[in-house]
Amino acid sequence: MKRRIKDKLTLIILGLFYFPMRATAAPVDELTDTVSKLVGTTGTTDSVKLFVLMTVLTLIPTLLILTTCFTRIIMVLSFVRNSLGTQQTPPNQVLIGIALFLTFFIMQPVYSEVNKTAIKPLMKDEITQAESIKLAEKPIKKFMLKETREKDLALFVKNSNQKEVKNPESLPIHIVTPAFLISELRTAFSIGFLIFIPFLIIDMAVSSILMSMGMFMLSPVMISLPFKLLLFVLVDGWYLVVETLVRGFQ
């Protein structure tokens, strides 16, 4: 009985893989050609290189967070929500979606340069994989260095036993990335502080009024929330926040 169940499960699993592949044969072939060019599959190293490629693909979300403006954007949006006191409104999915689209918008010039200088030549077999990686690093590293403080960069250069570097662009990416992240965290917290101030004043004013009226049992947060939302709408808060974020990277 158990063997029959196992056989049926095996057939179902094979069917799930077989029929979609038959239905999309042409796209799969094109994808295979693309993957082959990216990993340079030849001979017995196919499986190893394919495994490396799949590993790199799993790290793409992490790279998106660490080497782009996503960190600053999502933190600032979270500060906006917390300062308003709306708890889970907007929900996390909405904030992440906004942050992703803003990231793609801001990073578009960088990605266009990567595609032009590194990916297209590799697809045409004009350069090797190693050359493609080096060329792809340049625009990304340039973007990160532009947003990184010299103090943060010097910290990691000093602790990496790196020799004195005259040109920061010659630094390896594993030194530039953590320095960039620290700078982004500092910038995000600075923006968050400025966002909190007006809403904190409203909370303090409402709390003082309630205490003077002897309404100790009434929550100040519940009373101040409509006023904070009204202020945010009147000043067109989302427009100002997004404008500040976009211009901050230009």
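Glycine is treated like the rest: Cβ placed from N, Cα and C.
Note that the coordinates shown come from a computational prediction; the quantities given were computed from them, not determined experimentally.
Annotation comment: TrEMBL describes 1-25 as signal peptide.
For 49-80 (among others), the entry in TrEMBL reads transmembrane segment.
Per TrEMBL, transmembrane segment is recorded for 92-111 (among others).
Here TrEMBL flags 188-210 (among others) as transmembrane segment. Sequence-distant contacts of the transmembrane segment (188-210) (same chain, at least 6 residues past either end, Cβ-Cβ under 8 Å): 71-72, 75-76, 79-80, 83-85, 216, 218, 220-221, 223-224, 227-228, 231, 241, 244.
Residues or ranges marked as transmembrane segment in TrEMBL: 222-241 (among others). With a cut-off of 8 Å between Cβ atoms, the residues of this chain six or more beyond the transmembrane segment (222-241) that come close are 76-77, 80, 83-86, 195, 198-199, 202-203, 205-207, 210.
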(Q) Give the nonlocal contacts of the transmembrane segment (92-111) in its own chain as ranges (CB under 8 Å, at least six residues past its ends). (A) 64, 68-70, 73-74, 77-78, 81, 139-140, 142-143, 242, 245-246, 249
